[in-house]
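S.K.: There's a structure below that I have some questions on.
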Amino acid sequence: MDSFLQVQKSTIALLGFDLFSENREMWKRPYRAMNVFSIAAIFPFILAAVLHNWKNVLLLADAMVALLITILGLFKFSMILYLRRDFKRLIDKFRLLMSNEAEQGEEYAEILNAANKQDQRMCTLFRTCFLLAWALNSVLPLVRMGLSYWLAGHAEPELPFPCLFPWNIHIIRNYVLSFIWSAFASTGVVLPAVSLDTIFCSFTSNLCAFFKIAQYKVVRFKGGSLKESQATLNKVFALYQTSLDMCNDLNQCYQPIICAQFFISSLQLCMLGYLFSITFAQTEGVYYASFIATIIIQAYIYCYCGENLKTESASFEWAIYDSPWHESLGAGGASTSICRSLLISMMRAHRGFRITGYFFEANMEAFSSIVRTAMSYITMLRSFS
């Protein structure tokens with residue numbers, strides 16, 4: 001389990017946080033969050049660009065995408081600050097339960113190791129996609145300016161974010177400083193998003209591993225006597241209940257984040273889809289396509305992890321059904337007690353656990369709904385242009 005949260009630890013450290021801090025004050029180096037303060041400072045100029053271009057649908061959509069990205073990045077950073085002690089408490093619970101289960105058998109340690117290795121591969125890929133999108137966002141304005149100058153002998157200054165500054169960016173010094181500020185500030189959007197989203201991914205992956213261990217145990221439980229069978233089952237049920245409690249803690253932390261993520265992702269997809277449909281044959285099309293991909297991946301991670309958690313938690317019902325419970329039962333009240341506990345556990349497991357964003361459940365159906373809603377918004381925007 002050495003790989004637990006390793007990608008997340010290195011990413012969130014760039015914002016000054018230490019996930020494995022011995023005390024609950026995880027934000028040890030606030031000065032590292034200068035990029036977040038920079039995006040907060042540039043926010044009014046992005047808003048000014050939105051208001052300035054409100055009559056031009058194309059420019060308005062471009063500015064609105066930047067505005068929504070900024071809002072989501074600032075919101076996620078504020079949630080990291082607000083929830084950092086809750087995250088520390090959850091991390092301690094995960095590490096303790098992982099240690100306890102790994103000590104009970106090599107097969108349980110293997111389940112946990114496999115889950116963490118797969119999780120870290122997915123989180124590394126997710127982080128790479130976001131960093132590539134950030135690099136493309138920073139480089140593409142220079143590429144467009146170079147092409148424009150080569151073809152027409154003149155280039156208008158462009159920035160990573162559409163901003164309306166009170167100074168003249170046609171002056172080289174002003175432009176260079178504005179460009180560096182915008183490019184640096186954009187990392188204040190990327191790092192909180194990658195950190196928060198991959199932490200969720202890692203938590204859900206390990207919760208699924210705990211549910212798999214509970215299934216493994218209940219399918220293979222055997223007792224020499226009714227008392228021993230009941231004691232073994234009680235330990236399995238305790239693991240399942242502990243996992244459900246941790247699911248509930250995770251859901252309480254992430255409900256507002258998932259709600260904001262899905263709402264803003266729907267708006268971003270509709271505007272980026274509209275911009276891509278207009279500019280797909282131009283250099284801007286590559287930029288918008290990369291952003292569409294990152295936003296879809298971002299929404300997909302929450303839906304995929306939520307779907308997996310629901311499936312694994314509900315599979316405990318079938319594990320009980322497939323278990324050799326009848327081999328450990330005899331006649332009498334103790335036998336009836338075991339049957340009753342098995343039935344109650346099956347009834348509870350039938351519901352599974354659902355990750356929610358207040359008004360909706362994070363699953364693949366919700367992901368399809370987000371994409372369909374975005375497509376309908378694109379049609380509406382095209383009718384206005």
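Each residue, glycine too, has its Cβ placed from N, Cα and C.
The topological domain 'Cytoplasmic' annotation in Swiss-Prot covers 1-33, 84-129, 197-255, 306-357. Annotation source Swiss-Prot lists topological domain 'Extracellular' at 55-62, 151-175, 277-284, 379-385, citing sequence analysis. Swiss-Prot lists 34-54, 63-83, 130-150, 176-196, 256-276, 285-305, 358-378 with the feature transmembrane segment.
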S.K.: Of the listed stretches (34-54, 130-150, 256-276, 285-305), which one yields the highest count of Cβ-Cβ distances below 8 Å with the transmembrane segment (176-196)?
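M.R.: The listed stretch sharing the most Cβ pairs with the transmembrane segment (176-196) is 34-54.
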S.K.: Please report, as numbers and ranges, the same-chain residues at least 6 past the borders of the transmembrane segment (358-378) whose CB is under 8 Å from any CB of it.
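M.R.: Here the qualifying positions are 255-256, 258-259, 262, 265-267, 269-271, 273-274, 277, 296, 299-300, 302-307, 310.
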S.K.: I'm a bit unsure how to read this: which one of 63-83, 256-276, 285-305 has the highest number of Cβ pairs shorter than 8 Å with the transmembrane segment (130-150)?
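M.R.: It is 285-305, which has the most Cβ pairs under 8 Å.
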S.K.: Grab the same-chain neighbours of the topological domain 'Cytoplasmic' (1-33) for me: Cβ-Cβ under 8 Å, and only residues 6 or more beyond its ends, written as numbers and ranges.
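M.R.: Hits for the topological domain 'Cytoplasmic' (1-33): 77, 80-81, 84-85, 87-89, 91, 94-95, 98-99, 102, 109, 112-113, 116-117, 119-120, 123-124, 127, 188, 191-192, 194-195, 198-199, 202, 206.
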S.K.: For the topological domain 'Extracellular' (151-175), what does DSSP give as the number of helix, strand and coil residues?
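M.R.: Helix (H, G, I), strand (E, B), coil: 6 helix, 0 strand, 19 coil.
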S.K.: Just give the helix, strand and coil counts over the topological domain 'Cytoplasmic' (1-33), going by DSSP.
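M.R.: Once the DSSP states are binned, the topological domain 'Cytoplasmic' (1-33) shows 14 helix, 2 strand, 17 coil.
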